[in-house]
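Enquirer: Sequence annotations record features per position, and here Swiss-Prot assigns active site, phosphoserine intermediate to S86 based on sequence analysis. Taken from Swiss-Prot, the feature ATP binding site applies to G12, L13, S14, G15, A16, G17, K18, T19.
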Amino acid sequence: MEHRGVTVWFTGLSGAGKTTISHALAERLKAAGCKLEILDGDIVRTNLTKGLGFSKEDRDENIRRIGFVSHLLTRNGVIVFVSAISPYREIREEVRQRIGDFVEIFVNAPLEECERRDVKGLYQRARAGEIKGFTGIDDPYEAPTNPEVECRTDLEELEESIEKVMKKLTELGYITP
């Protein structure tokens, strides 16, 4: 499969399915011969952005750093999947402008569904006041106003979400089957 560099940014609440979709799709594209890297928010926080907290300023800096690395990879012909909550619209737009070749995927599931899926108990801890500034509970998540793709993970199967993203990447000329 031929491809060109692009950053595919999966955004949504914790537990919406960002990592599930991005990893399943990455496996398929890598098997087809695509150069692809995944920048997962949880992994990035323990390496690239270690030491940053969860204030708005720190979250924005986290996204800027992910965006910087994504831009370097994208301009060198790599498909980059970013799987990060990235709750603020303005910083996502800033990163989109910097990178250029950028496709936003809104991984959308209702808060109740995300809480039901929460294997780490983060939502429960946030509701109990043990975690402050948790996105979706006491810190806002600003949904994209015009994402290239919206995956409703409460209503569609994983394969349907993967196909929607593949179709869009093909339409935009980033991958050629």
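Glycine too: its Cβ is placed from the backbone N, Cα and C atoms.
Note that the structure is predicted; figures quoted are calculated from it, not measured.
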Enquirer: Show which residues of the chain containing S14 (ATP binding site), separated from it by at least 6 in sequence, have their CB under 8 Å from its CB.
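Expert: Set apart from S14 (ATP binding site) by at least 6 residues yet with Cβ under 8 Å, we have I85, C114, D118, L122, Y123, F134, T135, G136.
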Enquirer: Cβ within 8 Å of the ATP site's Cβ centroid: which residues qualify beyond G12, L13, S14, G15, A16, G17, K18, T19?
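Expert: Counting only non-site residues, the set is I85, V107, A109, C114, T153.
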Enquirer: Between the Cα atoms of A16 (ATP binding site) and S86 (active site, phosphoserine intermediate), find the distance and write it as a whole number of Å.
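Expert: Distance between the two Cα atoms comes out at 13 Å.
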Enquirer: So how many other Cβ atoms are close to S86 (active site, phosphoserine intermediate), meaning within 10 Å of its Cβ?
Expert: 27
Enquirer: Just to confirm: which same-chain residues, 6+ apart in sequence, have a Cβ under 8 Å from the Cβ of G15 (ATP binding site)?
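Expert: Long-range Cβ contacts: A109, E113, C114, E115, R117, D118, Y123.
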Enquirer: Give the helix, strand or coil assignment DSSP yields for K18 (ATP binding site).
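Expert: Looking at the DSSP assignment, K18 (ATP binding site) belongs to a helix.
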